[in-house]
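Below is one structure, written out as structure tokens; comments come after it.
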Amino acid sequence: MNESNHLPKQIKTVWRISAMINTLIWAAVGIAVLVAHHFFGQPWLLYGAWIFFAIAVIDFIVEMGLVPYRYSFWLYTLTDDAVELRSGFIFRKLVSIPIARVQDVTLSAGPILQSQKLQEVRITTASTSHKIDGLNPEVGEQLRKQIMKLAVEVGTNDV
Amino acid sequence: MTSDKRQHLNPLSIIYFIFRHSWDTIFLIIIGSGPITRWSTSIGIPPLFGFSLLILLIILWHTVRYLCFTFEISDEMLTINTGVFVKKHTHIPYSRIQTVQHNQWFFLVPFHLEKLQIETAGHDESAPEAVLPLVNERVREAIEQKRTGGAPIQPNSPETPTEQLSTPEDQADYEINPHELNIFALTSLGVFPIIGALFAIYGKVQEAIPQKVIDSVTNEIVHQSAIILGVVGVLIVILSIAGSYLNIIQKFYKFRLKAQKDQLKTEQGLFQRNSVTIPTARIQALRIKQNVIRQWCHIATVQALAASSAGDDEKSNDLMILPVVKNDQVFSTLAPFVSWAPKKFSQLSGLPKRTYWYFMRNASLFSLIIILPCLYFFHIWGLLSLPALLIAILMGWYSAGNTGWKIMNDQLILQNGHYFTRSQYVIPHKNVQSFLFVQSIWMTHSKLAHIRVNVRHGNRNELIEIRYLPENKGKEIFNWLQIR
């Protein structure tokens, strides 16, 4: 497991669905403003509504367009004593979290992630928190086991 | 002190509660003024009586709060019970305590009363885990005794033995040198915000004066206005320097640092004596800080980064260890207190001159945020903002010139410069929570990288970054950090 891994393929679907939901939320706000315009007749409300619609469209295009980019440049590596997260192509970032410093790992899944059988993993140290957007439950479980094992070996890492 | 009994705060803390919530009280009285007046006149009693009733109610409320506020010093933990309707019990095991901080106003000295704040490393709230607003000094002594005393304090044995061995058993003691404190206060860059604030107030006051008055006065003084403006300006500068100077002096008046068994204790302040106790093993990193003027005066400040928000300043959480010390004495003074501190300033690796350009470029870009709007709004007069560009370039040069790093045994030393202030961090390997290697696509061509290191500080994260160091050096640090 020492080579870099992409996130599971299903995460693209998750990102796309969440992009759509975001767009729908912006659009819903826009519609609400339109309705307000209908009732109060303030002309500036109309401009507001159009701004929200524009945001909805731009947000949709950007998020959808970025999905392949995010997928191909977001890598994680699980070594024996560290979790490494690599992201970005233009602005490259490599984060290393020594497992010995990890205070807790939270696995969570909302309805979208559940539909794709994925889990969001949040790794917390004494000072920082790192998120992996989605992992197969087996990998999450492995991470959890590894951390438990190392925690027992190292003893509690005190701040 | 009998141990397993619930104790109350000092009754005077009712006054403290009322004082702390005085805004609520004033708000209540303002809100209530209408209804109370109407209600009291309607049932035929003087409104004053109604207000007295309200005040009585407020006092009663705080008295109930006082009665519900108890604490208990048992053998294993400190328990604090608060809340009138919603009962809250906070249990703090002594071994989890990070810092014990106590404040004592000078008028409370004869009564031996003080405010006690106890913090753990938990970071749920920004406030300390336990605040005992007004208690007798004996309470603190009892808690400290429980904390350091026979109780089994060290469950985390693997890493502590070495530290315990090397911690000096003899009690070292340091007191600030008044002469150095004087220089320290004079060289603070803190005057600049104060100058700004005073000028702003002056502007507001001028606006507030009715136009008529100004008009009548203007004719007389129009030819003297330059002189008056000059005098006001000089006065403002002098006042702010004096204010900042006195503030620093009173804050660090008779600063003392004591090393007691495995812990450090600082004490400072003129009107309000503030004292913080922290176990040496809890210090996450050291920061040696000096602004550019202090660099010229060869004095430095040493602070401890710890997982607790106790400190000299509520905002910065910086725990002062040595507020001011001569450059050449920093580590010799520090040695008896922090056993793992380096023995002397080490020669750091610096940036090659060609990378200075990036710092200057970035700083200049930032200065454009000020300059461009100035040019847009004031046209030719906007050119007056150009010195900002010069300052920015100097700042970039300063940051680049002060960037440095070194790996020493099991410690990483990082140094950076921001806003004409140089900070050197000494970070033990085991206290690095996570670390980053950051590069933009252009930096892969110029073979440069940023290194970021995350350390716990206060209730949050302290990100220590050194920028634009050569890629291979960055990798070196990164790989060193990866070693378990």
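The first residue you see is number 1, and the count goes up from there.
Glycine residues also receive a Cβ, built from the backbone N, Cα and C atoms like all the rest.
Annotated in TrEMBL:
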TRANSMEM  B:12-36  transmembrane segment
TRANSMEM  B:48-68  transmembrane segment
DOMAIN    B:66-142  domain 'YdbS-like PH'
REGION    B:146-166  region 'Disordered'
COMPBIAS  B:154-166  compositional bias 'Polar residues'
TRANSMEM  B:181-202  transmembrane segment
TRANSMEM  B:222-248  transmembrane segment
DOMAIN    B:254-311  domain 'YdbS-like PH'
TRANSMEM  B:356-378  transmembrane segment
DOMAIN    B:402-481  domain 'YdbS-like PH'
Quick test of the contact rule: Cβ under 8 Å, at least six residues beyond the ends. What residues does that give for the transmembrane segment (B:48-68)?
8-9, 11, 13-14, 17-18, 21, 25, 28-29, 32-33, 36-37, 39-40, 81-84, 87
Beyond the flanks of the transmembrane segment (B:356-378) by at least 6 residues, Cβ under 8 Å
384-386, 388-389, 391-393, 395-397, 399-401, 448, 467-468
Per-state residue totals over the domain 'YdbS-like PH' (B:402-481) - DSSP helix, strand, coil
20 helix, 51 strand, 9 coil
Per-residue pLDDT averaged over the domain 'YdbS-like PH' (B:66-142), given as an integer:
81
Under DSSP, the domain 'YdbS-like PH' (B:254-311) has how many residues in helix, strand and coil?
9 helix, 36 strand, 13 coil
